[in-house]
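S.K.: After the structure tokens below, expect a handful of questions from me.
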Amino acid sequence: MANQLGVLNALDAAKTQWYHFTAIVIAGMGFFTDAYDLFSISLITKLLGRIYYFDALSEKPGTLPLRIAAAVNGVAFCGTLAGQLFFGWLGDKLGRKRVYGLTLMLMLICSIASGLSFGKSRDGVMATLCFFRFWLGFGIGGDYPLSATIMSEYANKKTRGAFIAAVFAMQGFGILTGGIVALIVSAAFDHAYKALPYNVDREHSTAPQADYIWRIILMFGAIPALLTYYWRMKMPETARYTALVARNAKQAAADMSKVLQVELNAEQEKVDKIGIEPSNSFGLFSKEFAKRHGLHLLGTTSTWFLLDIAFYSSNLFQKDIFSAIGWLPKAETMSATKEVYQIAKAQTLIALCGTVPGYWFTVAFIEHLGRFAIQLMGFFFMSVFMFALAIPYPYWKTHNTGFLIMYSLTFFFANFGPNATTFIVPAEIFPARLRSTCHGISAAAGKAGAIVGSLGFLYAAQSTNHDKVDKGYHTGIGVKNALIVLGAVNCLGMLFTLLVPETMGRSLEDITGENEEDNGYEQRFSVEKVPV
């Protein structure tokens, strides 16, 4: 293309090199930490209920009251949503690199602080836990737009989707590691401090030392963040930000010459010329943006919102679903440490069978099938398996293995599907000066879906039978009907996927029209919006 900068051409055409893998690991470890921190809470909520809401007169172990459970599960998502919007905007204003270390430091400090939650009363402990988890979520939120944008802007056009997917795939290892850490810690404490089941000895079914279990699990999330902080600070700013947003051609050429190990010319005149084109001057709230990218933003926000309703409700409340189908023993037949172990074992198995493989199938096939096809296919099969679980739900209560297989397949097609593609596409289809902001907006819509899903499922999945409802909860629509609702949500996701364009194998500037005159952009995108 006539206006394309040499430095960006070099990045687009570069063969897969060591720096690509370095970038994947540096950005990916952030996502490993994100997933570990967000999903580890589901491993310890039952333990928190036993420790801080014990009632010796109750036939069932203590559980977190509804409002406390909602706060503990949802507060990190509220922080994440705010962080995605704030750091997404800041990444376009100050540069990706300058903000990148700040998000990691926030995650590091708040992971440790969450485990050190203090207070003389249970309300004090819960309040400080929620406070630190909000700010932990705020840091995690910044990682979404920044990691996606950095990987997108570093990658070559042939393997860009696979590289961004590989960063996101580290989320699977974060979820898996959370389960493994919980298994090891709970098994060690169970061995060292024996406790009887709740229905044998209510008062001593929770060893005093069990209070350390949830703290250790939460604080472990700081370790991967600490390991990658130095390397994040060493990464140069992306050439696309330096050239197209900061408009410093000399610095962009110098940075990428080191990275690519080739001599690149600074093309300041061309940078200045690109900067004054009408296609590079409209803002986020302009009519021109609405005309060019309005439907794209609606597509990325709506599909991520709908996906996260289903994905997070299923992920965070696996333990409740497993208990409902009888795959986990009844809480009163276990000690506190044994219950943590059983929940961790179930979630680790799901992660191994469905979650982790799904991510890497996306990495393997995204540059062959394309983003659009994988997203549509993922939503379709998630709908199929949700309905297949829900409609014959009484059958699955006596066929736990079959339920587990079907349930694993919903996670497999979430990750070999919209959970990966909703992260990838917003990092490709918006102009460099708005890329991080628009990715942050799309991701924030996703987290709004996660809040709806996590809090909604908390209420909805309660039994329709008043005698089987958890203490402090009202009757809900039951797990069967909740799964039907989630299946319907996935069907809506298929519909809104039609708004999302295909980006496979094309330069970022070709996709966004940053190097083209207005007519060229409109003509090209009208033809290539959706693959045939």
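Heads up, the Cβ atoms here are built off N, Cα and C, so glycines get one too.
All TrEMBL annotations are machine predictions without curation.
What you see is a predicted model, and the numbers here were worked out from it, not measured in a lab.
OK, TrEMBL features for this one:
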type     : residues : note
TRANSMEM : 21-44    : transmembrane segment
DOMAIN   : 23-505   : domain 'Major facilitator superfamily (MFS) profile'
TRANSMEM : 64-87    : transmembrane segment
TRANSMEM : 99-118   : transmembrane segment
TRANSMEM : 162-189  : transmembrane segment
TRANSMEM : 212-231  : transmembrane segment
TRANSMEM : 348-366  : transmembrane segment
TRANSMEM : 372-391  : transmembrane segment
TRANSMEM : 403-427  : transmembrane segment
TRANSMEM : 439-461  : transmembrane segment
TRANSMEM : 482-500  : transmembrane segment
S.K.: Using a Cβ distance cut-off of under 8 Å, indicate which of 21-44, 212-231, 348-366, 439-461, 482-500 has the most pairs with the transmembrane segment (372-391).
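M.R.: That would be 482-500.
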S.K.: If you count Cβ pairs under 8 Å, which stretch among 162-189, 403-427, 482-500 touches the transmembrane segment (439-461) the most?
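M.R.: The listed stretch sharing the most Cβ pairs with the transmembrane segment (439-461) is 403-427.
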S.K.: With pairs 6 or more apart in sequence, are the transmembrane segment (162-189) and the transmembrane segment (403-427) linked by at least 3 Cβ pairs under 8 Å?
M.R.: yes
S.K.: Can you tell me which parts of the same chain pack against the transmembrane segment (482-500), counting only residues 6+ beyond its ends and a CB-CB cutoff under 8 A?
M.R.: 295-296, 298-300, 302-303, 306-307, 309-310, 313-314, 371-372, 375-376, 379-380, 382-383, 386-387, 389-391, 393, 418, 421, 425, 457, 460-461, 476, 530
S.K.: For the transmembrane segment (348-366), which partner among 21-44, 99-118, 212-231, 403-427 gives the most CB pairs under 8 Å?
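M.R.: By the under-8 Å Cβ criterion, the transmembrane segment (348-366) pairs most with 403-427.
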S.K.: Same chain only, please: residues at least 6 beyond the ends of the transmembrane segment (99-118) with a C-beta under 8 Å from a C-beta of the stretch. Say none if there are none.
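M.R.: Cβ under 8 Å, 6 or more out: 30, 33-34, 37, 83, 87, 90-91, 124-126, 128-129, 132-133, 135-136, 138-143, 146, 150, 214-222, 225-226, 228-229, 232-233, 235.
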S.K.: Report the mean pLDDT of the predicted model across the domain 'Major facilitator superfamily (MFS) profile' (23-505), rounded to a whole number.
M.R.: 89
